[in-house]
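According to TrEMBL:
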- 11, 39, 42, 48: [4Fe-4S] cluster binding site (BINDING)
- 10-72: domain '4Fe-4S Wbl-type' (DOMAIN)
Ligand code: SF4
(Lines of atoms letter the chains of each structure in order from A and count residues from 1; the text may use other names and numbers.)
(Lines give C-alpha, C1' and ligand atoms only; values in the text may rest on other atoms or scores of the structure.)
Protein backbone atom coordinates (compact mmCIF):
# COMPACT_ATOMS: atom_id res chain seq x y z
CA UNK A 1 0.00 0.00 0.00
CA UNK A 2 1.28 3.41 -0.94
CA UNK A 3 1.00 5.82 1.97
CA UNK A 4 3.39 8.57 0.93
CA UNK A 5 5.13 9.66 -2.25
CA UNK A 6 8.46 8.54 -0.83
CA UNK A 7 7.19 4.95 -1.05
CA UNK A 8 7.63 5.27 -4.84
CA UNK A 9 10.99 7.04 -4.81
CA UNK A 10 13.46 5.68 -7.34
CA UNK A 11 16.29 6.38 -4.89
CA UNK A 12 14.95 4.03 -2.21
CA UNK A 13 17.46 1.37 -3.25
CA UNK A 14 20.29 3.78 -4.15
CA UNK A 15 23.23 4.81 -1.98
CA UNK A 16 22.01 7.92 -0.09
CA UNK A 17 25.48 9.46 -0.35
CA UNK A 18 25.03 9.64 -4.13
CA UNK A 19 22.46 12.40 -3.57
CA UNK A 20 24.72 14.48 -1.32
CA UNK A 21 27.83 15.32 -3.37
CA UNK A 22 30.48 17.37 -1.61
CA UNK A 23 30.16 19.98 -4.35
CA UNK A 24 28.27 20.71 -7.53
CA UNK A 25 31.44 21.54 -9.45
CA UNK A 26 34.61 19.83 -10.60
CA UNK A 27 34.90 16.07 -10.04
CA UNK A 28 31.60 16.03 -8.13
CA UNK A 29 29.78 16.81 -11.38
CA UNK A 30 29.88 13.09 -12.27
CA UNK A 31 28.14 12.28 -8.99
CA UNK A 32 25.56 15.00 -9.60
CA UNK A 33 24.90 13.62 -13.08
CA UNK A 34 24.50 10.09 -11.73
CA UNK A 35 22.05 11.23 -9.07
CA UNK A 36 20.10 13.25 -11.62
CA UNK A 37 19.91 10.17 -13.83
CA UNK A 38 18.15 8.30 -11.02
CA UNK A 39 15.80 11.25 -10.51
CA UNK A 40 15.02 11.31 -14.24
CA UNK A 41 13.42 7.88 -13.94
CA UNK A 42 11.65 8.64 -10.68
CA UNK A 43 7.82 8.60 -10.80
CA UNK A 44 7.57 11.05 -7.91
CA UNK A 45 10.22 13.57 -8.97
CA UNK A 46 7.71 16.43 -9.08
CA UNK A 47 6.50 15.61 -5.55
CA UNK A 48 10.11 15.44 -4.38
CA UNK A 49 11.00 18.77 -5.95
CA UNK A 50 7.87 20.44 -4.56
CA UNK A 51 8.72 19.14 -1.09
CA UNK A 52 12.33 20.34 -1.32
CA UNK A 53 11.24 23.79 -2.47
CA UNK A 54 8.63 24.13 0.29
CA UNK A 55 11.07 22.83 2.92
CA UNK A 56 13.87 25.09 1.70
CA UNK A 57 16.14 22.06 1.45
CA UNK A 58 19.58 23.57 1.00
CA UNK A 59 21.68 20.45 0.45
CA UNK A 60 21.60 17.47 -1.84
CA UNK A 61 19.91 16.47 -5.06
CA UNK A 62 16.11 16.54 -4.77
CA UNK A 63 13.71 16.15 -7.65
CA UNK A 64 16.63 16.20 -10.06
CA UNK A 65 17.86 19.59 -8.93
CA UNK A 66 20.97 20.88 -7.21
CA UNK A 67 20.81 23.39 -4.36
CA UNK A 68 21.76 26.20 -6.79
CA UNK A 69 19.00 25.18 -9.19
CA UNK A 70 16.46 25.18 -6.36
CA UNK A 71 17.60 28.63 -5.25
CA UNK A 72 16.82 29.80 -8.78
CA UNK A 73 13.45 28.01 -8.79
CA UNK A 74 12.52 29.60 -5.45
CA UNK A 75 12.54 32.93 -7.24
CA UNK A 76 9.41 31.65 -9.03
CA UNK A 77 6.02 30.83 -7.44
CA UNK A 78 6.04 27.49 -5.58
CA UNK A 79 4.29 24.51 -7.20
CA UNK A 80 1.00 23.53 -5.58
CA UNK A 81 1.16 20.72 -3.03
CA UNK A 82 -0.08 17.39 -4.43
CA UNK A 83 -3.47 16.22 -3.12
CA UNK A 84 -1.95 13.50 -0.91
CA UNK A 85 0.07 15.88 1.28
S1 SF4 B 1 13.36 12.73 -7.49
FE2 SF4 B 1 15.37 11.86 -7.04
S3 SF4 B 1 15.78 12.37 -4.88
FE4 SF4 B 1 13.59 12.67 -5.26
S5 SF4 B 1 12.60 10.77 -4.64
FE6 SF4 B 1 13.01 10.63 -6.83
S7 SF4 B 1 15.01 9.65 -7.04
FE8 SF4 B 1 14.82 10.33 -4.91
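Just so you know, glycine gets a Cβ as well, placed from its N, Cα and C.
Positions of TrEMBL features highlighted on the structure.
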{"residue": "11", "record": "[4Fe-4S] cluster binding site", "DSSP (3 states)": "helix"}
{"residue": "39", "record": "[4Fe-4S] cluster binding site", "DSSP (3 states)": "helix"}
{"residue": "48", "record": "[4Fe-4S] cluster binding site", "DSSP (3 states)": "helix"}
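The Cβ centroid of 11, 39, 42, 48 marks the [4Fe-4S] cluster site; residues of that chain outside this set whose Cβ lies within 8 Å of it are 9, 10, 38, 44, 45, 61, 62, 63, 64, given in sequence order. Cβ neighbour counts within 10 Å, taken over all protein chains shown, single out 48 as the most crowded of the binding-site residues 11, 48.
Sequence-distant neighbours of residue 42 ([4Fe-4S] cluster binding site) (same chain, 6+ residues apart, CB-CB distance under 8 A): 8, 9, 10, 11, 48, 64. The number of other CB atoms found within 10 A of the CB of residue 39 ([4Fe-4S] cluster binding site), across every protein chain shown, is 21.
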